[in-house]
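S.K.: I am attaching a structure below and will ask some questions about it afterwards.
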Protein chains: 2
Amino acid sequence: MKKALGQKRPETVDKATQALKKRIKTAEEVLAKVRQLAVKVKAEPAIARTLTDLNLTQACREVVDKDADAVLDEVESAIYLVAVSILKGEGFSYDIPSRAKGNQLYVPELDRIVLKDTMSQRPFASTATCRKAVITTRILQLVHELCAKRIHVTKRDLFYTDVKLFEDQGNSDSVLDDVACMLGCTRSSLHVVASEKGVVVGRLTFSEDGDAINCQKMGVGGKAIPPNVDKVSNIVSDAMFILLVEKDAAFMRLAEDRFYNTYPCIIMTAKGQPDVASRLFLKKLKETLRIPVLALVDSDPYGLKILSVYMKGSMNMSYDSSNLTTPDIKWLGVRPSDLDRFNIPEQCRLPMTDEDMKTGRKLLEEDFIKANPEWVKELEIMTHSKVKAEIQALSSFGFQYLSQVYLPLKLQEGDWI
Amino acid sequence: MKKALGQKRPETVDKATQALKKRIKTAEEVLAKVRQLAVKVKAEPAIARTLTDLNLTQACREVVDKDADAVLDEVESAIYLVAVSILKGEGFSYDIPSRAKGNQLYVPELDRIVLKDTMSQRPFASTATCRKAVITTRILQLVHELCAKRIHVTKRDLFYTDVKLFEDQGNSDSVLDDVACMLGCTRSSLHVVASEKGVVVGRLTFSEDGDAINCQKMGVGGKAIPPNVDKVSNIVSDAMFILLVEKDAAFMRLAEDRFYNTYPCIIMTAKGQPDVASRLFLKKLKETLRIPVLALVDSDPYGLKILSVYMKGSMNMSYDSSNLTTPDIKWLGVRPSDLDRFNIPEQCRLPMTDEDMKTGRKLLEEDFIKANPEWVKELEIMTHSKVKAEIQALSSFGFQYLSQVYLPLKLQEGDWI
């Protein structure tokens, strides 16, 4: 009796979805436009433009990745200079690059925020800076220990090594950024890392601290993105593109459907607001493999904010922007214009809040948005319609609509901006 | 010049730490007490006590894991019963087990909360329950589709498949729990999964959706714990214990130091409040391997709260508690008594807030705490001293104090409760 009922297990796919599905050609044909983009990306100059290319070195400063030995040398030089100054009778003081907003500069040629060259003195023999000079010395010593031992810790660990001196984690965090600027190297070069949050699956193999990792054999859960990207090497991939996904629900759908088997790609997500580890990992993938990055985010101002963090960094890490940012990410979806194009039902569209509207209008004034007229157009559609939608809104056409209809169709049409 | 300075790179370890370090014997000797515990755990009866063992089946209900075909059968039976009732002229109605607080029961023999047998009617022909009856039918249909297609989705995906009907995600979520109770199976059996958050490294291999995963070769980032534990099989391990860590900073330290190479263990963290996927994963590991679980959490009421979620579940998932909980987790550290024992500096001890104190006092009244006098003692130390501390406070003795001194010493002394 139960069996008889069980025989008919129909798939409920409505006619419109069926029609769209019919338009999807073979994987090879779907990928034709992506292949063109990939060729273009590969042909771009390998070395990104730097401050030096722009003859701006005098006026601006950025930090670079340095290995542990180079950082040890930098720390020792800094301390040596202080010692010489003391012996000369000129006192104990550090020269620290200013990270204040007034010392930040947006360089359109680089599409990044960098630091101008204002320096500030931090003498020990001043009541205003005495404590900060001591904290700076202590942080230099701790960084020296980390690099000598070749171990990585979090900012929180660093704070706890001398709570009596630091008093508040804000103090050790901010001096850590000062020290990175002073030594001219990235915060991750100092062996202080952010906690990891991201995951990755797909056509990618790499070595992590000596272990061979194959991201095509990582089940549906994927590989956790390592907190210290400098332990990642031997990146090899036959992927045609990187699919950057905002949320883990969409990531899970694509991983379970093994989307990367049909459409060779690397799928990664930072589960919302991207952390430093995920940004470094994406940058490393992009620079090594030189393949396009296509982004799948919610159709709301927050989705664009996330793209902006990947593409141009956050304000308080601007001295490190060249090492953290991946420019030239293509916005694949979900775009405001997709809502009508794919007939997303009214019930799945959410009204934008006042906060959303404010963020949206602010984004319209940002340089990195204005630089791309098609992004402006989409953002205007959003702010005019006052409607937003999540990636999951696509589930209204069936759970696998995202992996079987929406994404193949977008790729086939080369519908990214 | 720089080289001369660089030659001396001393390790700054103070005398007390040095003395403690000397007390640590060989790995084999350190593990002697753990081995005894492991033998004890292995000797415990394999099958956990169930409601049936207690002759309580008439009065209580719990759900069990069922495979996709079994769920399909359950859904079809439920619909069949409704159809028969309609044909008999008795109308369209569901019998739903009540999940209200009044229907929950703490069973001390099981150390779990279970549901009593109160049922509620959900007739279609009533203005009060008409909508809920329709939503129930729709959820049954969607679950049927998921199980037939063998795919997994999140609660958010489920909501978006019919926003018009569900209106609010709260409605689809709560009916989903009703359906799980009604069909007598766990929510993960319905192929609706939680998003993943946890990571694992160490002496563990398993298959995930056909891929062979070796957690000893997962670098320092570790393997992301899969959202759907039913895709995990072939669990093999030579670990002596599972080290359950509250936070990812400590996890990172242990992973980078390859703690599991010296002390054979599996290290996992859910990065704070444990998600369903991590809880299911831990339970599966414990049941398959039958090795002790030692917990490393902050010395504050929140750390204990986290242990309580692993051990006895949360109130709103009480119908599923037997499938989500891992009883018998040992509290290794950081315990309130450790603060004095290990001379944690005053500056690393934080005053407890009023909220902390309230939570602490509430915990003292909980059955699972009262069941263990040693836990009560520790909690009393905490509430009397009004002081808390994070795992990272151990960094005040050096970054690797946790992995090289604290943990080996605790293991060697068998200092868990």
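Glycine too: its Cβ is placed from the backbone N, Cα and C atoms.
TrEMBL does not curate its annotations; it predicts them automatically.
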S.K.: Examine the ranges B:17-44, B:129-156, B:157-184, B:269-296 and name the one recorded by TrEMBL as coiled coil.
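M.R.: Range annotated as coiled coil by TrEMBL: B:17-44.
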S.K.: Write down the Cα-Cα distance for B:TYR160 (active site, O-(5'-phospho-DNA)-tyrosine intermediate) and B:GLU246 (Mg(2+) binding site), rounded and given in Å.
M.R.: 33
S.K.: Hey, does DSSP put B:GLU246 (Mg(2+) binding site) in a helix, a strand, or just coil?
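M.R.: DSSP call for B:GLU246 (Mg(2+) binding site): coil, neither helix nor strand.
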S.K.: Could you break down the residues of the domain 'Spo11/DNA topoisomerase VI subunit A N-terminal' (B:132-192) into DSSP helix, strand and coil, giving a count for each?
M.R.: 46 helix, 4 strand, 11 coil
S.K.: Helix, strand or coil at B:ASP298 (Mg(2+) binding site), per DSSP?
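M.R.: The residue in question, B:ASP298 (Mg(2+) binding site), is coil (DSSP, three-state).
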S.K.: Looking at the binding-site residues B:GLU246, B:ASP298, which sits with the largest number of other Cβ atoms within 10 Å of its Cβ?
M.R.: B:GLU246
S.K.: For the domain 'Type II DNA topoisomerase VI subunit A all-beta' (B:196-232), what are the same-chain contacts with Cβ under 8 Å, counting residues 6+ beyond its ends?
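M.R.: Answer is 65, 67, 152, 188-189, 238-239, 243, 248, 251-252, 254-256, 260, 264-271, 274-275, 277-278, 280-281, 284-285.
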S.K.: Short question: which residues 6 or more past the ends of the coiled coil (B:17-44) have a Cβ under 8 Å from it?
M.R.: 240-241, 262-264, 290-292, 328, 330, 397-398, 401, 404-405, 408-409, 411-414, 416
